[in-house]
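The block underneath contains the structure these notes are about, expressed in structure tokens.
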């Protein structure tokens, strides 16, 4: 079984602290590595997490404030140093193309990796490669800023007991799967009679925004929602002034979106006790947890029928 988890490489907003690095988040899912918003120092955090950066094949930048992208150049150079052979797909707001280029080409090195750019200029479907569907929504942060939703493809699952009851095994299973029906002992058995469609899980990221409908929409029905909560509710005016969320507001988004699990991140350096964020959010959305550097959260499969 492939690894399915979310590792918090950093969870601080704007500036790192003694205990929290700039934000960066690695999602390992079905043999792929999705890196979100690599801030300064991300490469070193991989060492502490005991994860090889070569697992990365997709990088997402929500916007081009420094704490969300300053680690991009060093990560690309590290992948180049490691001579990774797979393409590195990079998704970012199209309006930030010049900043992407500055980060990518900010120093002298011979780039040998294959970087595939996906500048996003409109909301909606960005890519569907048959394994994952990637969607974007524009959030409210004063500059162009994107929330992401990644959904795995639906898969068909056989009901083993139904196969046994009908005497279907071995090559007959393959025939049924390929043809959609099977004639056995004078009876026609259809694929739907002995199987069901498992709905693909969904991961959503809402980083740096005021409360808005787009944040709810991109988080809709997320199996796992990673959401910023820069401030506690007692500082909600600061959150409004800087276009951020409080823990309470993040929880309201998760609740309204019908998310299954919420991970809070992107904490202001003014706070030491992150449990306060968890406590505040859980009054509204019980299945809430706080990020902390180098913590790994399991991304558990949810077997829902489509």
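Just so you know, glycine gets a Cβ as well, placed from its N, Cα and C.
Checking the candidates 128, 129, 208 against Swiss-Prot: the one annotated together with 67, 68, 266 at the Zn(2+) 2 site is 208. Of all the binding-site residues given, namely 63, 141, 266, the one with the smallest number of surrounding CB atoms inside 10 A is 141. In this structure, the binding-site residues under consideration are 65, 68, and the one with the smallest number of other Cβ atoms within 10 Å of its Cβ is 65. With every protein chain in view, the residue among the recorded positions 67, 208 whose Cβ has the most Cβ partners within 10 Å turns out to be 208.
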